[in-house]
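The structure under discussion appears below in the form of structure tokens.
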Amino acid sequence: MMKQYVVTRPLYSEDAFTDAHEKIHRHHKTVRHHVKQYFTCDLKRTKNAALSLLPFIGWMRIYQLKEWLLSDIVSGVSTGLVAVLQGLAYSLLASLPPWYGLFTAFFPVIVYFFLGTSRHISVGKYCACVLLIIFASMAYLFPLLLSQLAMGLLQVGFIVMYLSDTLVSGFTTAAAVHILVSQLKFVLGLVVPGLSGPLSIVYTLEKIFVQIEKTNMCDLVTSILIMVVVFIVKEINDRYKAKLPVPIPIEVIMTVIACGVSYAFNFRVNYKVDVVGRIPVGYESPIAPNIQIFGQTAAEAFPMAIVGFAVAFSVAKVYSVKHDYIIDGNQVSPKTRTLGGGVGRQGGTEKCVYCCLTCISFGASNIIGAAFKSFAASTALSRSAVQESTGGKTQIAGLLSALIVMVVTLAIGFLLEPLPKSVLGAVVIVNLKGMLMQIREVPYLWRRDRPDCVVWLVTCLASILLGLDLGLAVGLGIELLTVVFRAQFPRCSVLANITGTDIYKDRKDYMSIYEPEGVKIFRIPSPIFFANIDFFRGKLVEAVGFNPLRVLRKRNKALRTIRKLLKKGKLQMTSKGLLLTSSGPIEESEDESNMEDLDQPTDFKELPVQVNWNSELPANIQVPRVDVHSLILDFSAVSFLDISALKGLKAALKELIRVEVEVYIVACDAYIKKKLHSCKFFDDEVKSSMFFLTLHDAMLHVLEKHPVNSENTKVCKKV
């Protein structure tokens, strides 16, 4: 048996509810007060600022040594081994010497340990950012990194909120395609120059297929073998991840085997295989940025900063929810949730602050790393997955992974010199599986949300053909257009009462509905603003079934004609109403001198009787019939109105009121009603008494004013 509840309360209009229930007066702070508060400094704010800039202090204070240390050690070692391999692979992807990748796996990680706001992400190379570096040049590196830092300091990290999951999915799929094509030259053992710009992927494929007969069979066989083995073992890792204490580090194992085989059979000399070659021992001296190139490269660097930050923010957010910690808005450091149950959530302020701190942490990490010739780092997706899945609890795991990379750089890097580049290319291609398989989202999106599907397809295709930087811009533009399209053309509906309840739903969706004759309920599920006010008015006309302005003009023209006929004695007042006394032709009034008067309320002055517009009029005067006496507008989904919308709404309401349709607005947001008052929306025709708390309050008020005749009651049971 379904549970029921019974509520007995008065019927409330907004005015009646305000009179019956006293509101709390809230004092709103002025802009001056906010500015003063922002620049006020005290001990508490100084402490919070220090904790914000050094978030590691926050989680170090709650570090559980016995429970977390062993997990962090295991995770750090596993992540470090993967970091070495990825460092070499992505250096080749960016057409840079391999040791640059080792630098990128060390310096940014160390800095992020102190400044980072996430416990679980692993800082390193993200393939999309590496591709953007290829399409630009290494000259853009410092502007890119300073762009990230500036975004944090200026608190504009909120920009990432405009990158939807759909857009990021299409963009990263395109990045995977670019990476796949860029690695073909290593897998096939061909010499192909790096290309950038629109259609660069087409030209690269052309250069590959032109010399396909020059393929190095040793490279090709080695790559296929590596890809098959790595793919199979990674599938085993995924299938049995619950039973395995740690994932099998198959990439590391195959790299060690490939190094040994290459060294034993001298692949470089005997089979002309391109190998990693000499890796310098130690680190290079730091360099200062070239200030002169900042202005020239800022436009190209900004998309890289956005992409890198977007990926970092998305991954960090996923792990913070999964491990149930939030970002504290005061000290902006990970803080374990103490409330039981529920998924960790972040409020708007915390998210914005977290975005800015993430920008600062990545910007600072990359600036220091770039001084030592590492390239742009973001969140390394696969390494982050390894760090989290192997039990990592904090960034101590990241610090240990950096130490592993340092050992390789300072002591045992020479062991990797015989490693074939085709092995690295094969490892990169296999790890693209997750990104490439995102294309399976397209059929689902097409069935569920076609505008989102268009965003995915356009972003992916544009990023493939035009390059990742231009593709991201195109995708963002299409995404914003879909938002505008949804807001400009919302799905308006006519509601009806579900029989026997106080619930109102779309009349097309339910079998048993109740619609009192002469009453229409119209709902618009979006804000009303300058771009959709005309659409709103058009849909409103469709809902009521007539154009109120046209009806008003027809009525006023009819009144002019009636006055003229009375003045000429062709109409007389009788007990049955107005009767025509002349049989001659009657011409409708076409006085064009006062056309503006036709839009004014009907005036029955100088007439002996008030005209019933729904009855038959004398002299064959024709006026459209209006069968609606009450219109209820559901504003529950209207979040704001701009000035253009206010003017359009008021004009629409006046047109309806002037043709004797009573208009009621329900569930209006208090902020909107306050704005209506401040903009002098109300007058002698449009009154504040038209506002009601709920649809049912308004409906009961209408039924009280216009009692329903049982013969005219409309109860529909659709078959």
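Glycine residues also receive a Cβ, built from the backbone N, Cα and C atoms like all the rest.
Note that TrEMBL annotation is computational and uncurated.
Summarising model confidence by region, the domain 'STAS' (509-702) averages a pLDDT of 86. Positions annotated as domain 'STAS' by TrEMBL: 509-702.
If you look up TrEMBL, you'll see 69-93 (among others) marked as transmembrane segment.
According to TrEMBL, the transmembrane segment annotation covers 99-115 (among others). Beyond its flanks by at least six residues, the transmembrane segment (99-115) meets 53-56, 83-84, 86-91, 122-125, 279-280, 283-284, 360-362, 364-366, 368-369, 372-375, 377, 395-396, 398-399, 401-402, 405-406, 408-409, 413 of its own chain at Cβ-Cβ distances under 8 Å.
The annotation transmembrane segment is assigned in TrEMBL to 127-146 (among others).
Per TrEMBL, transmembrane segment is recorded for 158-181 (among others).
According to TrEMBL, the transmembrane segment annotation covers 186-205 (among others). Nonlocal intrachain contacts for the transmembrane segment (186-205), taken as residues 6+ away from its ends with a CB within less than 8 angstroms of a stretch CB, comprise 92, 95, 134-136, 177-178, 211-212, 214-216, 218-220, 223, 272-274, 421-422, 424-426, 429, 464-467, 470.
The annotation transmembrane segment is assigned in TrEMBL to 217-234 (among others).
Residues annotated as transmembrane segment in TrEMBL: 246-265 (among others). Residues of the same chain lying 6 or more positions beyond the ends of the transmembrane segment (246-265) and with a Cβ under 8 Å from any Cβ of it are 74, 78, 81-82, 84-85, 222, 226, 229-230, 233-234, 236-237, 271, 273, 275, 386, 389-391, 415-416, 418-420, 423, 427, 431.
Annotation comment: TrEMBL describes 301-319 (among others) as transmembrane segment.
Tertiary neighbourhood of the transmembrane segment (396-416): same-chain residues 63, 68-69, 71-73, 75-77, 79-81, 83-84, 87-88, 98-99, 102-103, 105-106, 109-110, 112-113, 116, 122-123, 255, 259, 276, 278-283, 383, 387, selected by CB-CB distance under 8 Å and a gap of 6+ residues from either end. Residues annotated as transmembrane segment in TrEMBL: 396-416 (among others).
Positions annotated as transmembrane segment by TrEMBL: 454-478 (among others).
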